[in-house]
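Visitor: Sending over a structure as structure tokens; questions will come in a sec.
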């Protein structure tokens, strides 16, 4: 069970983080407008949520407020995102969750990456003449669908760290799916631009009713998805991996030409793993191991930068952009050559980060000239083991802003950094009829041409770029970060970390600062805001900028201020995201009592009124700075709860929630 130490007081956490109510959205509302500027940044003392959709952020904050921990909140957020961002992630996909357990002082990975079915073959993306099937045909075929891992990963995370009832964590998603919500510009745009894909499956009835795409502001109801989530509640995970839902998934994949069977689903298991670690500027950094390329590539880029004192430059100097670009290209060359699923290929983990190897690669960076012949290095010279077969040059792949990332902290000091995906926007475009599940097209992350570290093989996991990351200062979490964006993910996270650690930017400044992306010479993609003067200077050196700017990632992040005892959360402004902080005090408890009353948790209307009066007195003493008297009155509130329970005027669920809140607030006031 995740517990831990409180950030501010440093005292032991309570073990009472248990119940989360089943009526969730009373206080949230299901109407959504574009994220306002003040929704993108927030500060909290007892928890923080940052996601790419405001409704999902509200769900996560509600879990924290009702005594759930960071993992509980992450689970509820994911089910909510499945509904409100169906084009980005869901139980038809997979992902990588990083969890810092404060009580154990351990950082762990839940790897729910999709696997190829047993019937997958290395040449399945080649035509009968041995030529690659066009990419747009591959990504909508049944062969593109990997065995989904998200649900198993969420279940395993809950078994390891969860405190709330798992079924209750599906309730917000079920309610959003059944009652519906007003779609935002992001979802409307995704539907508009993917009509051809969606029109080929059951998704047409959901997103293209009467043949027309839903528009911003339209109300979207997903009854089949709600029913599927309710089946998971009533029958457990087995219905998905061994039962009715699993059979429907396998049948649908086969209908679209794939080989997946119910046995493939039944044999799936998410993996518990350890992060890859590196250090930079005195900070320790935990990131994602293979089959994600994100962690090793991120850590290699930071190591390459370490001797350049990049903080001496203004963030928009051409000299800085040049160093970043040269660093990216070297690391991405190694990424394409050596990384794959470590169950199938040897990956030179240690060699890629060996200081002597890094020094050899750093010597290839000239601050005043472009390296026009970027080649992979030889990390095996610094690693025990057998080299794998080279995979050849990276294949060109779609760079749309698929995938989602979110991050959560709680009052016990636990932290979650989680990236989840169905690969492209709306994945394969294949929806399981009558079950509302959008299926991934993750297997197109394999190389289409056989041979090499990332070729298709049965039960293998394709190479990923997902990079959920936690930065540690003096052994405690300092910053979390992650992003969607295909191969751009790694560079998005890289630059935000660089902005904070090297340029001492605030978290919002670090995320708002325009980013660049380069994988190989000479191309540079760029976000609006990169100065024309800098672009001109770089092109004179030999770099080539894309004709127009475009988004590079969507970073969600949390920064921990240990001195102030606060969390700052920031959501990137290129989606409809929100950061929501939680501060436990008398006001938050008054709001909670009001919502519990609206949910029918009191038998007597005088009971919530009495609680509210007591909390009003406590608020008075809090405002006066008399925390001793506030704590004494909180003891009286605790006694009042006991009395109401004895009288039978408060539900057991509401009693447990408020009792735990009262205990925690007493501890906080006395700290």
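A Cβ is built for glycine as well, from the same backbone N, Cα and C atoms used for every other residue.
Sharing the features that TrEMBL gives for it:
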BINDING   113, 445, 464, 465, 486  L-glutamate binding site
REGION    367-403  region 'Disordered'
COMPBIAS  369-387  compositional bias 'Acidic residues'
ACT_SITE  403  active site, nucleophile
DOMAIN    588-667  domain 'FIMAH'
Visitor: Any same-chain residues 6+ apart from residue 113 (L-glutamate binding site) with CB under 8 Å of its CB? Would you list them in sequence order, or say none?
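Guide: Listed in sequence order, they are 94, 95, 96, 149, 291, 292, 442, 461, 462, 464.
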Visitor: Can you count the other CB atoms that lie within 10 A of the CB of residue 464 (L-glutamate binding site)?
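Guide: Step by step: centre on the Cβ of residue 464 (L-glutamate binding site), count other Cβ atoms within 10 Å, giving 29.
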Visitor: What's the CA-CA gap between residue 465 (L-glutamate binding site) and residue 403 (active site, nucleophile) in angstrom, rounded?
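Guide: Residue 403 (active site, nucleophile) has its Cα 11 Å from the Cα of residue 465 (L-glutamate binding site).
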Visitor: For the compositional bias 'Acidic residues' (369-387), jot down how many residues DSSP puts in helix, in strand and in coil.
Guide: 4 helix, 1 strand, 14 coil
Visitor: Same chain, outside the compositional bias 'Acidic residues' (369-387) by at least 6, Cβ under 8 Å from its Cβ: which residues?
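Guide: Residues packing against the compositional bias 'Acidic residues' (369-387) from afar: 322, 326, 329-330, 333-334, 336-338, 346, 348-352, 354, 356-357, 360-361, 520-522, 541-543.
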Visitor: Write down the Cα-Cα distance for residue 486 (L-glutamate binding site) and residue 403 (active site, nucleophile), rounded and given in Å.
Guide: 8
Visitor: For the domain 'FIMAH' (588-667), what does DSSP give as the number of helix, strand and coil residues?
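Guide: Counts, helix then strand then coil: 67 helix, 2 strand, 11 coil.
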Visitor: Other residues near the L-glutamate site, CB within 8 A of the CB centroid of 113, 445, 464, 465, 486?
Guide: 292, 293, 421, 423, 442, 462, 463, 466, 489
Visitor: What count of other C-beta atoms do you get within 10 angstroms of the C-beta of residue 445 (L-glutamate binding site), across all chains shown?
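Guide: So the number of other Cβ atoms within 10 Å of residue 445 (L-glutamate binding site) is 25.
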Visitor: Across the domain 'FIMAH' (588-667), what does the pLDDT come to on average, as a whole number?
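Guide: Value for the domain 'FIMAH' (588-667), mean pLDDT as a whole number: 92.
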Visitor: Greatest CA-CA distance (Å) over the residues 113, 445, 464, 465, 486 that the record ties to L-glutamate?
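Guide: Taking every pair among 113, 445, 464, 465, 486, the longest Cα gap is 14 Å.
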